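A.B. asks: Here's a structure for you.
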Amino acid sequence: MQNELPNADLESPAPVLPTPAPAPVKLTEVSSLTLEGLTRFLTEELGERSFRAGQLYRWMHQRGATSFDEMTDLSKALREKLKQRAEIVPLVKDAEQRSVDGTIKYRWKTRDGRYIESVYMPSEDRKTLCVSTQVGCAMACTFCMTGTLGLKRNLTPGEIVAQVHAVNREVRKNEGLETLRPLSNLVFMGMGEPLHNFENLKTSLAILQSQDGPNFSHRHITVSTVGLVPMIERFGQETDVKLAISLNASTDEQRSKTMPVNRKWNIAALLDACRKFPLRQGRRITFEYVLLRDFNDTDEDAARLIQLLEGIPAKVNLIPYNENPGLGFQTTMDQRAERFRELLCEGHVAAFIRQNRGRDIAGACGQLANRGGENASESSQSPELP
Ligand code: SF4
């Protein structure tokens, strides 16, 4: 026998069920895509013609546009579609500090409330930006304030590149310049270990070097590493920009005390990777050597350094230490630094004392730590080295 529905059910109105909220659409971070990736996104995901990718890319990476509304030569319909499906990752200026020497340190707030810093260093013949690649750093070098933060997260390619666009905007405004890209040089020596965020670094370099983007020459970009040995090989094979090694010691004992990475890859392993590095003709590897008083700045250190660098096309940048409260090291006296430089030169190693920029605003090497920001109070990720 068939079941019959009771009449009452037929007569009563259908229950009103709550409409489930639509699943949030994950926005594609288009400012993190190379031109090829952006072309794929526009044609395959949005059904647009490929030339639109070039227009969008140039808006983001030549003019530094931070919203789709600025892109007036894109149709309104396309701009609306982009707003529904894509985003340009913004960095909001949170603070700026100006040094007496013209250096400006910028602190940016990321979308998820993190803080990073970039340092603008103008000089007569160049305008250089020191760029960050991570929020905090896992490498824990004991002389460095960033190292005390631990690693919070990697920056996306869009966030790395956004520092360059934002400072270009600032320089244009501050210095009354018309040129779209006043910055001439980039050094990846800000917060973080660039090779510990290699894929995002590589994508950001591809964007920064692209002709439809800011078009930086490989000669004007330097990436500095503490010495993640397997990544140095990949870096040499997959990019063409300049390499700097943060060496800072003449013995493993010294280096392991200040740079924990040395316990995994010691000086011999690091210099072996440097000897195998595919250098372009006429190019040298820069070795950075932070001078720490009575720790690594003796005549014996200079003699050992000469021996270590034998056979490597090298130049040494000697960096007088910027004292950081609580980290326990002192800066080398000027005379001692000069003597150290002379000894290296006598041993046929090109050596320079690097002018310290932005010391008075804690914007110099090893001093970036988001003072006033919030990163320092959070827990951090443990390092995962390649
Ligand atoms: S010196 Fe560089 S790699 Fe070492 S902790 Fe500081 S930011 Fe990280």
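Cβ coordinates are placed from backbone N, Cα and C, and glycine is handled just like the others.
Annotations in TrEMBL come from automatic prediction, not curation.
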A.B. asks: Can you say which of 1-21, 148-168, 169-189, 190-210 is given as region 'Disordered' in TrEMBL?
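C.D. replies: The range carrying the region 'Disordered' annotation in TrEMBL is 1-21.
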A.B. asks: Based on TrEMBL, name the residue from Ser224, Ser256 that is recorded for the same S-adenosyl-L-methionine site as Gly192, Glu193, Ser246, Leu247, Asn248, Asn322.
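C.D. replies: Looking through Ser224, Ser256, the residue TrEMBL assigns to the S-adenosyl-L-methionine site is Ser224.
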A.B. asks: Glu117, Leu247, Asn248, Asn322: which of these recorded positions put a Cβ within less than 6 Å of any ligand 1 atom?
C.D. replies: none
A.B. asks: Hey, which of the binding-site residues Cys141, Cys144, Leu247 is the loneliest by Cβ count within 10 Å?
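C.D. replies: Looking at the binding-site residues Cys141, Cys144, Leu247, the Cβ with the fewest others within 10 Å is that of Cys141.
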A.B. asks: Work out how many Å separate Ser246 (S-adenosyl-L-methionine binding site) and Glu117 (active site, proton acceptor) at their Cα atoms, rounded off.
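C.D. replies: The Cα atom of Ser246 (S-adenosyl-L-methionine binding site) is 19 Å away from the Cα atom of Glu117 (active site, proton acceptor).
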